[in-house]
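The structure appears below as structure tokens.
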Amino acid sequence: MTPLGVLILVESERGTYALAGLVSGVYAIGAALGTPLWGRLMDRFGQLRVLLPTALTSAALLALLALATTRGAPDHLLLVIAAGVGVSYPPIGPALRSSFRIVLPDPDARRVAFALDATSVELAFVLGPLLLSVLLLPGINALPLLVTAGLLAVGGIGYCLTGVARRATARTQQAAAGHDASAAPSGPRTALTAAGVPVVLAVMLVISIGFGQLDTSMAGTADLALGSTERVGILFAAIAGGSTLGGLAYGARTWSHSERQAVPRLLAVFATLLGVLAVLLATGTTQLVVLLPVLFLTGLTIAPALIMQQALLDQLVPPARLNEAQSFLSASNTAGAALGTAIAGVVIDVAGLSWSFGGAALGVAAAAIVARVAHRRRAS
């Protein structure tokens, strides 16, 4: 809800998608910079000591951003606060995924866990925009972000109260993987130097540029093509519903192909469907009866692609670097989405919605090419 809530609030108060995309993008860049740092600190000090203070700090700054936007604060101040929200954002998702090694030593069980995690994220993408749409109904523009700030604080505290969060340290992850828990952490000094990791992060970065463009394009479609920002929840529900089903289907069975083989093919389908959306907007075909099925089909490819990236990283990284590695993956996702959001905001203002969807298609197609080239090099 945070990036979309920031986008809608700033646009409704300041009247420009360019500034809205910039503020949302600065928030995301801050998160991309902060997340790997928090991940490395979690590997060193444990999850609890990092997640609790970051969750409370980020929630407080998010509430401040909402109030500053509605009370006429200067644009540069919004950018500073948004950066603070992002830098302090708690890496709960990476922390959860890294803890799978502790509670699920079997790789097949972890693959199912990654699928369930991705599915829960997609459900949040369904419920988040719908809740945001409901919160917009009273006409209080700051309300969605204030509620989001409260949910962030409560969710961060809730995760920190779990047993896994309290005992998820580098020592317990080493022991879960069968290493001597009393020994110094094995493997590379940073997750970035583990073999294969830079390629996975690069693919995630390029995918996420397309994601950021897609999210902003759907918000723009609701406002400019459908005539109501309240309809953004319907569009996000369609694509996230497809992604949820795709994630469940992928996690429900064992596949004969490897993740490296499947990712380029899946992304090629994703890019093609984004191209279809660009054509629909270019031709003025904006009826929901047409847009929603295409968005649903597009969503079918999203969660499986993310699950494969997470599983690849889990295979490549030593146990004592898992928090850092998953945080870098999350940072790649966030940074790419920030770039895509900022690009799409400008493109919508300058060239229109169809070009924004087209840019998303090009971004995902580029990710497919990167993944394909990397697979061929590894196979040769």
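Every residue, even glycine, has its Cβ placed from backbone N, Cα and C.
What TrEMBL says about this one:
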type	residues	note
DOMAIN	1-380	domain 'Major facilitator superfamily (MFS) profile'
TRANSMEM	17-38	transmembrane segment
TRANSMEM	50-70	transmembrane segment
TRANSMEM	76-92	transmembrane segment
TRANSMEM	112-136	transmembrane segment
TRANSMEM	142-161	transmembrane segment
TRANSMEM	191-212	transmembrane segment
TRANSMEM	232-250	transmembrane segment
TRANSMEM	262-282	transmembrane segment
TRANSMEM	288-307	transmembrane segment
TRANSMEM	328-348	transmembrane segment
TRANSMEM	354-374	transmembrane segment
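Contact between the transmembrane segment (76-92) and the transmembrane segment (17-38) is supported: at least 3 Cβ pairs lie under 8 Å, counting only residues 6 or more apart in sequence. Sequence-distant contacts of the transmembrane segment (112-136) (same chain, at least 6 residues past either end, Cβ-Cβ under 8 Å): 1, 4-5, 8, 93, 96-97, 100, 104, 143-144, 147, 229-233, 235-237, 239-241, 243-244, 247-248, 250-252, 299, 302-303, 306-307, 310-311, 314. Here the domain 'Major facilitator superfamily (MFS) profile' (1-380) has a mean pLDDT of 84 out of 100. Long-range contacts of the transmembrane segment (262-282) within its own chain (CB-CB distance under 8 A, at least 6 residues past either end) are made by residues 203, 207, 210, 214, 217, 221, 225, 255, 290-291, 294-295, 297-298, 301-302, 304-305, 308-309, 352-355, 357-358, 360-362, 364-365, 367-369, 371-372, 375. Ranked by number of Cβ pairs under 8 Å to the transmembrane segment (191-212), the listed stretches 142-161, 288-307, 354-374 are led by 354-374. Tertiary proximity for the transmembrane segment (354-374) is limited to same-chain residues at least six positions away from its ends with a CB under 8 Å from its CB atoms, namely 199, 202-203, 206-207, 209-211, 213-214, 216-217, 220, 260, 263-265, 267-268, 270-272, 274-275, 277-279, 281-282, 340, 343-344, 347-348.
Outside the transmembrane segment (142-161), and at least 6 residues removed from its termini, the chain residues within Cβ reach (under 8 Å) are 1-2, 5-6, 8-9, 47-48, 51-52, 54-56, 58-60, 62-63, 65-67, 69-70, 90, 92, 95-96, 131-132, 135-136.
Away from its own ends, the transmembrane segment (50-70) comes close to residues 2, 6, 9-10, 13-14, 34, 38, 41-42, 77-78, 81-82, 84-85, 88-92, 95, 141-142, 145-146, 148-150, 152-153, 155-157, 159-160, 165 of its chain (Cβ-Cβ under 8 Å, at least six residues beyond either end).
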